[in-house]
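*Asks:* Below are the features listed in Swiss-Prot for this protein:
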BINDING   Asn9, Trp10, Lys11, Gly172, Ser212, Gly233, Gly234  substrate binding site
ACT_SITE  His94  active site, electrophile
ACT_SITE  Glu166  active site, proton acceptor
Amino acid sequence: MRKAIIAGNWKMNKNLEDALELVEELKPLVRGAKCDVVLCPPYVCLDAVVKSVGGTNIKVGAQNMHYEESGAYTGEISPGMLKSLKVDYVIIGHSERRQYFNEKDETINKKIKKAFEHDIIPIVCCGESLLERENGITEEVLGRQIKLALKDLRKEQVEKIVIAYEPIWAIGTGKTATDKQANDTIAHIRGVVSKMYGENAAEVVRIQYGGSVKPATIKAQMEQPHIDGALVGGASLKPQDFAAIVNY
């Protein structure tokens, strides 16, 4: 039985004071959660948030990282830096990174491997555009993304990975894939993993849905057999809303 995981991606929101205020309000609201709870604040808030949630059931993730340990990469953060802050997770390959920063599947693969070297769990994102869905190539696009992202990993690494299916057309638009669309697409992703690393790995890997997730939609989504959680954007910035999603 796969344990659900709900992660909040704050994106480029919240200064340090606002971040700590949000966390303090959230902590008692999710104390009894049956799922894994992860917060992914901006880099500048990571250290303070890690310290604030110490001793609670909340884990902390970063929103991105570089695949090199150090060097002349102005503005970048290394996996070793994240590990020194006691970060447990890192989002890799978010659609906004692909769109605005031209991040490629091969780069994502390098980041995944480097995250594992530092015992950081990758939340690996994949998803299709509206045009790709309308053209009927969703499965082809996702298959390519997953095959390249998970290339040359060990089976035990794949079993630890969290995959987030985020239809690009549903991010920040208010549009949401139907529960059946989301479940069927995630089932396809699981099938790709099965062909690469075997049925056991595919059954163990946790796959989230991420696309305008709200308190009103989460319960039905979590009733789908292949959906193991959510990567939450805007709703994670509101403690009451995020808690309602966590406590679905």
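Glycine is no exception: its Cβ is also placed from the backbone N, Cα and C atoms.
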*Asks:* Compute the C-alpha separation of Gly172 (substrate binding site) from Glu166 (active site, proton acceptor), stating it in Å without decimals.
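*Replies:* Per the Cα atoms, Gly172 (substrate binding site) and Glu166 (active site, proton acceptor) stand 11 Å apart.
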*Asks:* How many Å separate the two farthest-apart Cα atoms among the substrate-binding residues Asn9, Trp10, Lys11, Gly172, Ser212, Gly233, Gly234?
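*Replies:* Overall maximum Cα spacing for these binding residues reaches 14 Å.
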*Asks:* Which are the residues of the chain, Asn9, Trp10, Lys11, Gly172, Ser212, Gly233, Gly234 excluded, whose CB is within 8 A of where the CB atoms of the substrate site average out, their centroid?
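*Replies:* Other same-chain residues near the substrate site: Ile171, Val232, Ala235, Ser236, Leu237.
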*Asks:* Cα distance, Glu166 (active site, proton acceptor) to Asn9 (substrate binding site), nearest Å?
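*Replies:* One finds 12 Å between the Cα atoms of these residues.
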*Asks:* Which Cβ among the recorded positions (Lys11, His94) has the fewest C-beta neighbours inside 10 Å?
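*Replies:* Minimum Cβ neighbour count within 10 Å, taken over the recorded positions Lys11, His94, occurs at Lys11.
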*Asks:* I'm trying to understand the geometry here, so how far is the Cα atom of Ser212 (substrate binding site) from the Cα atom of the residue listed as 'active site, proton acceptor', in Å to the nearest whole number?
*Replies:* 9
*Asks:* Give the number of CB atoms, excluding that of Gly172 (substrate binding site) itself, located within 10 Å of its CB.
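*Replies:* So the number of other Cβ atoms within 10 Å of Gly172 (substrate binding site) is 13.
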*Asks:* Within the chain of Gly233 (substrate binding site), which residues six or more apart in sequence place their C-beta under 8 angstroms from its C-beta?
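*Replies:* Set apart from Gly233 (substrate binding site) by at least 6 residues yet with Cβ under 8 Å, we have Asn9, Lys11, Ile171, Gly172, Gly210, Ser212, Val213.
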*Asks:* Name the residue among the binding-site residues Asn9, Ser212 whose Cβ has the smallest number of other Cβ atoms within 10 Å.
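*Replies:* Candidates: the binding-site residues Asn9, Ser212. Fewest Cβ atoms within 10 Å: Ser212.
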*Asks:* Using C-alpha atoms only, work out the spacing between Trp10 (substrate binding site) and the residue listed as 'active site, proton acceptor' and round it to an integer in Å.
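*Replies:* So the Cα of the residue listed as 'active site, proton acceptor' lies 15 Å away from that of Trp10 (substrate binding site).
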